[in-house]
Number of protein chains: 2
Amino acid sequence: MKPIKVAMLGCGTVGTEVARLLTDQADDFAARIGTPVELTGIAVRRPNKHREVPAELLTTDADSLVESDVDVVVEVIGGIEPVRSLLLKALRAGKSVVTANKALLAEHGPELYAAADASGADIYFEAAVAGAIPLLRPLRESLAGDRITRVMGIVNGTTNYILSAMSATGAGYAETLEEASRLGYAEADPTADVDGFDAASKAAILASLAFHTRVTAGDVHREGISAVTSADIAAARALGRTVKLLAICERVTDDEGVESVAARVHPAMIPNSHPLASVGGAFNAVFVEADAAGQLMFYGQGAGGAPTASAVLGDLVAVARNIVAGGRGPRESAYAELPVRPMGQASTRYHISLDVADRPGVLSQVAAVFAEHDVSIAVVRQEGRPVDASLVVVTHAASDAALRGTVDKIAGLPVVREVVSVMRVEGEES
Amino acid sequence: MKPIKVAMLGCGTVGTEVARLLTDQADDFAARIGTPVELTGIAVRRPNKHREVPAELLTTDADSLVESDVDVVVEVIGGIEPVRSLLLKALRAGKSVVTANKALLAEHGPELYAAADASGADIYFEAAVAGAIPLLRPLRESLAGDRITRVMGIVNGTTNYILSAMSATGAGYAETLEEASRLGYAEADPTADVDGFDAASKAAILASLAFHTRVTAGDVHREGISAVTSADIAAARALGRTVKLLAICERVTDDEGVESVAARVHPAMIPNSHPLASVGGAFNAVFVEADAAGQLMFYGQGAGGAPTASAVLGDLVAVARNIVAGGRGPRESAYAELPVRPMGQASTRYHISLDVADRPGVLSQVAAVFAEHDVSIAVVRQEGRPVDASLVVVTHAASDAALRGTVDKIAGLPVVREVVSVMRVEGEES
């Protein structure tokens, strides 16, 4: 059997690990696939910057590498162009693709899947979400006989590190971000992480697979962590809760039995007893709920060179086995075509923390505003202090719109000195 | 495209759910596979006992059903014969098999894999280990590009229920087992669960997949929970630990660089802070450690009709997709052929709890016995009481043989009134 020829696009921390492991464990790969894997070239921008891989593999001409006699293209560059064009070229030529590129898949997935379908090539992308954690294959294969209702998880390590650090030190957001950048936990330009773009891309991919429906990054309601204050963190702690940036994908059935899907990324308070509360630093964890399987959890390292390389190489073995056996991996499955519900219709629980005047009648005034907006109160906690008082309200599930109306009006009440914290609550029964 | 015809062998709680979901979600299955799935027959022993499935599907003639014009055989009977013969017949005829039968796979897996290989049929068995949790597919596909070093988990719900109940009530083993049987959490004959046979079968399957080596149930060192006492549970609690029945599969490299694998099932104390400590009742959870991926955890329902059916149906979709696309699933991978290390050579940490006379020199006498057997002590805790005293020792990693020698000699010391508890310790650094 002739070897499987592989071209790699990019050679950063992930690519370097992929190249190293392909060499170090070449015998294992050959045995597991049934034929050797041969890395024939690596496209990079500056070949002299990559001394850890054999110089003769390096090229600056990605187009020619993709067009060369290779069976599989592994992409670890990231970003939209030129990657999109390169991968479309590969797929159209019947070359299978393994990619870790969440942004590309969340924006242009359907175009890539269609190209793969037309030529019979495979496209695998386990590394695009939650790094080393086997998550996409379980969603699209193991649970293919089940009906997934919800996916909720921590899928961005940088924001998880920042929120964990804010909680540990009591420091504010800006200060903690600066420290994270200094320590290498945040990129020089942290926008993609802290504003939730990265998590939103992952949510789009997860929702698409879970619900057999095309969901793009633009469909995902997105709030980052830059508005999270140390007061939010302190308020959460006072209630036995922790603030996490969550990606949540849900299947919803309305009163008339019409199904839709929704995907959102936002910070939320979860109880300290919830398994996601203790997921620290760069780790990721994702809960999946399905009708027959019930609740499942997947946990592991969400980023980093070696963990991401593990996912890339698992996919590489899969597409190589498919080439050897003459089969194909599962295609895009978007048959359900469920409508995507806008965030205004989403219903979540809220925590609101207020500084109020410490005098009789405050609670009844505040409660009246909630009632007026049809937002039902689940828990109230009031604590008097020498001059003013703290009033904490946790609501039952309410729409975003109703909650915003409530908070706006409460902020204007003369008895309310300050709206200290408003944050969604997840991970407990409503 | 013509429909995929499926025969089912058995129709207990899992089979009933499989039949129901195949009917209720027929449109989803057709869309996900690309062609409808048709359940053409169900082999049972007593057709009049299965009113929840269409009577015209039922037959007592399993052989004829397997020989009929079907593409896939789903097996949910359990046990070795007649299942082994039926599945071999199916595979030899090129019919793909989906099975939940851990005992059969742990004993006769290689024979079944060889039959599948020869005819080009698929054999999938996600439901055989950890019920609904996608675990085998991640091991044999997602991590196929990585080097797995360790798998450790709770894979038997009955024993986990009993140990959790003993811990909650302080009751003894026999009493708790009786209660579990009464409540339906333990079988009328609980031997397979409480003596660790079920977990050992699962450990064999996990070790085989993780290490690309044939490991059978007979290779697995097996200790059940019937010797766990309320004193063990109390001793664990006093140290901030919990007793769990663990299945552990390890890749070991000896001083000369020779690799081997080991698989064992036994009760062990783990710290209350360990994620496995809070896995209660019928839930299963499995840790996987791999060189590149690092530590991963999988959590979910380990048994029950619907969760197991979810795993069976995920496999059914996979083999049906392979039939439609003309490919095959991953074959048995046993190329590594690593030797299986006997338990006598295994090295684990131990907790020993003693009732001793409360007088000077006891500790030095006990410590001398440990030293004599070359067992290094990590932690000692001594507590005086009015008449006697309690002495707790946690060792560094020691061989089973050395530990047994130590305990035997300690039990004979005049200053030792009773060896209260001896139990392995897992889940912390040695």
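Glycine is no exception: its Cβ is also placed from the backbone N, Cα and C atoms.
The following features are taken from TrEMBL:
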| type | residues | note |
| --- | --- | --- |
| BINDING | B:L9, B:G10, B:C11, B:G12, B:T13, B:V14, B:G15, B:T16 | NADP(+) binding site |
| BINDING | B:K102 | NADPH binding site |
| BINDING | B:E187 | L-homoserine binding site |
| ACT_SITE | B:K202 | active site, proton donor |
| DOMAIN | B:351-424 | domain 'ACT' |
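Mapped onto this structure are the features recorded in TrEMBL.
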residue	record	contacts (Cβ under 8 Å, 6+ apart)
B:L9	NADP(+) binding site	B:I42, B:A43, B:A62, B:L65, B:V66, B:V73, B:V74, B:E75, B:V76, B:I77, B:V83, B:L86
B:G10	NADP(+) binding site	B:I42, B:A43, B:V44, B:E75, B:V76, B:I77, B:G78
B:C11	NADP(+) binding site	B:A19, B:I42, B:V44, B:H50, B:V53, B:L58, B:V76
B:G12	NADP(+) binding site	B:V76, B:G305
B:V14	NADP(+) binding site	B:V76, B:A100, B:A127, B:G305, B:T308, B:A309, B:V312
B:G15	NADP(+) binding site	B:M8, B:I42, B:V74, B:V76
B:T16	NADP(+) binding site	B:H50, B:E52, B:V53, B:G305
B:K102	NADPH binding site	B:F125, B:A128, B:V129, B:D198, B:S201, B:K202, B:I205
B:E187	L-homoserine binding site	B:T158, B:S181, B:D193
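For the domain 'ACT' (B:351-424), the mean pLDDT of the prediction comes to 89.
Look at the residue listed as 'L-homoserine binding site': DSSP puts it in coil. Residue counts for the domain 'ACT' (B:351-424) under DSSP, split into helix (H, G, I), strand (E, B) and coil, are 23 helix, 34 strand, 17 coil.
The record gives B:L9, B:G10, B:C11, B:G12, B:T13, B:V14, B:G15, B:T16 for NADP(+). Within 8 Å of the mean position of their Cβ atoms, the other Cβ atoms in that chain belong to B:M8, B:E17, B:V18, B:A19, B:V76, B:I77. The secondary structure of B:G10 (NADP(+) binding site), as reduced to three states from DSSP, is coil rather than helix or strand.
Of all Cβ atoms in the shown protein chains, 30 besides its own fall within 10 Å of the Cβ of B:K202 (active site, proton donor). For B:T13 (NADP(+) binding site), applying a Cβ distance below 8 Å and a minimum sequence separation of six or more within one chain yields B:G304, B:G305, B:T308.
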